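Q: Sending over a structure as C-alpha cells; questions will come in a sec.
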Amino acid sequence: MPGLIQSVQRAAAILRLLATRSRPLGVAELANALGLPKTTVHGILRTLQHVGFVEQDPHSGRYRLGAALLHLGGSYLDGNELRTRALNWADALAARSGESVRIGTLHEGRVLVVHHVFRPDDSLQALDVGTLLPAHCTALGKVLLAYEPDPAGQLPTPLDAPAPAAITSPAALKRELAAVRRRGWALDAEESAPGILAVAAPIRDRRGITVGAIGVSGTVERLRAGGTLRADLVPHVRDAADSISRDLGFPDG
Amino acid sequence: MTQYIAAIDQGTTSSRCMIFDPSGSIISIAQQEHRQIYPKPGWVEHDATEIWTNVQQVVHDALRQKDITADQIAAIGITNQRETTLLWDRTTGEPLHNAIVWQDTRTDQLCRELGAGIGQERFRERCGLPLATYFAGPKIAWLLREHPELRARAERGDVLFGTMESWIIYKLTGGTHVTDVTNASRTMLMNINTLRWDDDILAAMDIPRAMLPEIKGSAQTYGTATGELAGVPVASALGDQQAALFGQTCFAEGEAKCTYGTGSFLLLNTGTTPVQSANGLLTTVGYQIGDQAPVYALEGAIAITGSLVQWFRDNLGLITTAPEIETLARTVDDNGGCYIVPAFSGLFAPHWRSDARGVITGLTSYITKGHLARAVLEATAWQTREVVDAMNNDSGVDLTTLKVDGGMTADNLLMQFLSDVLDVPVVRPMVAETTCLGAAYAAGLAVGYWPDIESLRANWHKAAEWHPQMEAATRDREYHNWRKAVERTLNWVEHDSR
Ligand SMILES: Nc1ncnc2c1ncn2[C@@H]1O[C@H](COP(=O)(O)OP(=O)(O)OP(=O)(O)O)[C@@H](O)[C@H]1O
Ligand SMILES: [Mg+2]
C-alpha cells in the first residue's frame with residue numbers, strides 16, 4: 001500500500017514478536033523470524049531501545065519489551081493510586097524508622113513526591129506532596145533512574161550539585177546506578193543537601209516494572225551516628241517497598 | 001518470641017485482618033471483598049456465610065504473610081460494620097437469610113408505623129436514636145413479620161439475632177452468643193442509660209428477648225478462639241466507628257475524630273454521661289473497658305461518602321479506580337458551579353430525611369467530568385461541615401482541629417478542601433486504619449498486652465496535616481450553594497407511592 005512507512009511496519013513486527021514470546025530474543029532470532037537482515041533489525045532495535053520501547057538484557061544481550069511501552073495503554077500507575085495503595089506501609093515505615101517517609105515517581109527527569117509521611121515526633125512539618133526533586137542526587141531518584149531504560153537521556157546536562165557530595169559526572173552516575181540495581185536500594189549521602197541522609201528502594205508492580213520508590217530521610221546525626229548507617233534502616237525501607245510491591249501483585253515481593 | 005495483637009475488621013465492602021506490634025504499627029494486612037447483593041431498589045444484603053469464610057481466609061493470610069503462628073497472638077479483637085442484621089439457627093449455626101445491611105431502606109414504612117403518631121423521636125430518650133431504617137431493631141421486626149414461622153422459634157431462643165461482631169464471635173468461639181455495648185447501642189433496643197435491653201422498646205417492636213445476645217463490655221475476654229487461632233482469647237468488640245475513636249486515642253471528653261470510608265462518621269467523646277442531641281446527632285456508647293464506667297459519644301453519621309466515589313467509578317464508569325477521582329478532579333480548578341448531594345437512601349445526620357433523594361445541581365453545558373469529580377469530593381467535605389456545625393451547637397464548644405482516618409484520607413485534594421470548608425486544621429495520624437487499630441488496642445488492654453490507655457496515647461503521632469487556605473468569602477458562598485443543593489433533595493419520595 002502506498003504511503004506506508006516500511007521501517008515503522010518492521011518495528012511493529014519486532015514489537016509483536018517480543019510481546020508474544022515469554023523470553024527475551026536475540027538479534028539473530030528476530031532477524032530469522034522476520035526474514036530481515038541482522039543489520040536492519042539491529043538498527044530498529046537500537047531506535048526502539050532509545051525511546052524505551054525495548055530493553056536489552058545486560059547479561060545475555062537479548063531484547064524484551066521496555067517499560068515505556070508497558071506504560072502506554074493506560075497501564076501506568078497513577079500517583080494518587082500509588083499513594084492510596086501504599087498508605088499503610090508508608091505509615092509503618094515512618095513509625096519503625098522514626099523518620100519521615102516519601103514516595104516518588106519519575107516525572108520528566110525529576111522525582112515527583114506523591115506521598116509524604118511526617119517524622120513521628122509531632123514537630124511542625126509541612127506536607128510536600130507535589131514537589132519536584134532532582135533525580136541524580138536523591139535516593140528516590142537514583143532508584144527510579146536505576147530501573148529506567150535510558151536514564152542519561154532524561155537528565156539535564158550538565159548535572160548540577162545542590163551539595164558538594166553530589167555526583168556530577170555521567171560516568172560516575174552510571175556506575176552508581178549499576179550499584180543500586182545490584183544492591184536493590186539507593187543511598188543519598190549528603191548529596192541533595194548537606195547534613196541529610198536518605199535511603200530508598202523500588203516499588204514494583206505485577207509485571208516487575210518499577211512504578212515508584214519509597215524512602216526515608218533524616219539528619220546525619222540521627223541516621224549515621226558513630227559514622228555507620230543505622231543498621232535497621234535498609235531492612236525497614238526494603239521491607240516497606242516489598243510489602244507495597246506484593247500488594248501491587250509483584251510475585252517475589 | 002515477639003507477641004502480637006490481631007484485629008478483624010468485618011466491614012461493609014470487605015473483611016480485613018491486621019496484625020500489630022507493641023508500638024501499634026501494622027505488621028501484616030490481608031483483605032477480601034464480599035458481594036453486595038441488591039435484590040430490589042433500596043435493598044442491600046450480604047451473605048453471612050461468605051463473610052465468615054472470608055474472615056477465616058484473611059486471618060490465615062495475615063498470619064502467613066509474616067509466618068506468624070497462633071501462639072504469637074496475645075489476643076484478637078473484632079470490629080465491624082454496625083447495624084447490619086442477621087438471624088441464624090442456634091442448632092445448625094447457619095444463617096436463616098441474607099444479612100440486611102445498614103444502608104438498606106426496606107424498613108422505611110415500618111419505621112413510620114413504629115413512630116405511632118409520635119414520630120421519629122419516639123424512642124430517642126431511651127435509646128439515643130431516632131427511628132430510622134439504618135438501625136437493627138426495625139430490621140429484626142421486619143424479618144419476624146416477613147417470616148412469621150421464625151417467631152415461635154425466636155421466642156424459644158432457637159433463632160438468634162446478632163450484628164456482625166456477634167456473628168463472628170459466635171463462629172470464632174464455637175457458640176458464644178454475645179454483643180458489646182457499642183454495637184448494642186445501634187439496635188435501638190438497648191436503654192442508653194442502663195445499657196440493658198429495654199423491655200418497653202422490645203414490646204413496641206414485638207421482638208422476643210430470648211433471641212438477643214448478652215450485652216458485654218467492649219474490652220474483655222468473651223471466649224477462646226477455635227480453628228486457626230485456637231487458644232487465642234477473643235478480647236474486644238467495637239462497632240467500626242467506635243473502634244476508630246478508640247484507635248485515634250480520643251479518650252478524653254471533648255476529643256473527636258471523623259473516619260472517611262464507605263460512609264463517614266464524626267464521633268465526639270462526651271465522657272461518662274450520655275448527651276441528647278438537639279441537632280440531629282446520635283447518642284451512642286463510645287466504649288466500655290472491662291467493667292469500668294461506659295464512655296459515651298455524640299455521632300454525626302453521613303451515609304454516602306466513599307461510596308459516592310465508588311458509584312462514580314462503577315455506575316458512571318468515569319474512572320477505573322477510586323484514587324483516580326483526585327487525578328480527574330485536578331484537571332479543573334473548581335466545581336464549575338456544580339454540586340452533587342448523594343442522598344441515595346435519604347439524608348442522614350443532621351437532617352434525617354428519608355424522603356430525600358440525590359441531586360446533581362448547577363448543570364450547564366460548561367460542566368465536564370472533571371467538575372463532576374470535584375463535586376463528588378466536595379460533597380464529602382460539605383456533609384462533614386453540616387455535621388460539625390451540629391456538633392458545635394450541641395456541645396457548645398467549637399471544634400479546633402479535626403482528626404481524620406480511613407481510606408479516603410489518602411486523597412490530598414479532599415483533605416485540603418475539608419480543611420478549607422471547616423476552617424480548621426485537619427490531621428491524619430500515623431495509622432490511617434484506626435478501625436483495626438482500635439479493636440487491637442481494646443483487645444490488648446483486656447489481656448494486659450498494653451498496660452493502660454496512657455501507653456496507647458504515646459503511640460499516636462501526626463502523619464500529615466492540612467491547613468485552611470480558602471478565603472472566607474469563597475467558603476461562605478460555596479456553603480450557601482451547597483445548602484441550596486440540599487434543599488433540592490427534600491420531598492422527592494412521596495410516601496405510599498414509591
Ligand atoms: N484516593 C481516594 N480518593 C477518594 N476516595 C477514595 C480514595 N481511596 C479510597 N477511596 C474511597 O474510600 C473508601 C474505602 O475506604 P476504607 O477502606 O476506609 O472503607 P471502609 O469504610 O473501611 O470500608 P468498609 O465499609 O468495608 O468498612 C471507598 O469507598 C473508596 O471509594
Ligand atoms: Mg471500615
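Cβ from N, Cα, C; glycine included.
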Q: Which one of B:THR2, B:THR12, B:THR13, B:THR320 goes with B:ARG82, B:GLU83, B:TYR134, B:ASP240 at the sn-glycerol 3-phosphate site, as TrEMBL has it?
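A: For sn-glycerol 3-phosphate, TrEMBL names B:ARG82, B:GLU83, B:TYR134, B:ASP240; of B:THR2, B:THR12, B:THR13, B:THR320, the listed one is B:THR12.
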Q: Rounded to a whole number, how many Å is the Cα of B:GLY407 (ADP binding site) away from the Cα of B:GLN241 (glycerol binding site)?
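A: Each residue's Cα considered, B:GLY407 (ADP binding site) and B:GLN241 (glycerol binding site) end up 13 Å apart.
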Q: List, in sequence order, the residues of the same chain other than B:ARG82, B:GLU83, B:TYR134, B:ASP240, B:GLN241 whose Cβ lies within 8 Å of the centroid of the Cβ atoms of the recorded glycerol site.
A: B:GLN81, B:THR84, B:TRP102, B:ARG186, B:GLY239, B:PHE265, B:ALA301
Q: Rounded to a whole angstrom, what is the C-alpha distance between B:TYR134 (sn-glycerol 3-phosphate binding site) and B:GLN241 (glycerol binding site)?
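A: Rounded to a whole number, the Cα-Cα distance is 15 Å.
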Q: Could you tell me which of the binding-site residues B:SER14, B:TYR134, B:GLN241, B:GLY407 sit with their CB under 8 A from some CB of chain A, listed in sequence order (or 'none')?
A: B:GLY407
Q: Give the mean pLDDT for the domain 'Carbohydrate kinase FGGY C-terminal' (B:256-446) on the 0 to 100 scale.
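A: On average, pLDDT over the domain 'Carbohydrate kinase FGGY C-terminal' (B:256-446) sits at 93.
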Q: Suppose the sn-glycerol 3-phosphate site is B:THR12, B:ARG82, B:GLU83, B:TYR134, B:ASP240. Which further residues of the same chain have a Cβ inside 8 angstroms of that site's Cβ centroid?
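A: Those within range, site residues removed, are B:ASN80, B:GLN81, B:THR84, B:VAL101, B:TRP102, B:ARG186, B:GLY239, B:GLN241, B:GLY263.
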Q: Pick out which of the binding-site residues B:GLU83, B:ASP240 has the most other Cβ atoms within 10 Å of its own Cβ.
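A: Neighbour-count leader: B:ASP240.
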Q: B:GLN310 (ATP binding site): which of the binding-site residues B:THR12, B:ARG16, B:ARG82, B:GLU83, B:ASP240, B:GLN241 have a C-alpha within 10 angstroms of it?
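A: Neighbours among binding-site residues: none.
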Q: Which of the three DSSP-derived classes (helix, strand, coil) applies to B:ARG16 (ADP binding site)?
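A: Once the DSSP labels are grouped into three classes, B:ARG16 (ADP binding site) ends up as strand.
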Q: Roughly how many angstrom lie between the C-alpha atoms of B:ARG16 (ADP binding site) and B:ASP240 (sn-glycerol 3-phosphate binding site)?
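A: Taking the Cα atoms only, B:ARG16 (ADP binding site) lies 12 Å from B:ASP240 (sn-glycerol 3-phosphate binding site).
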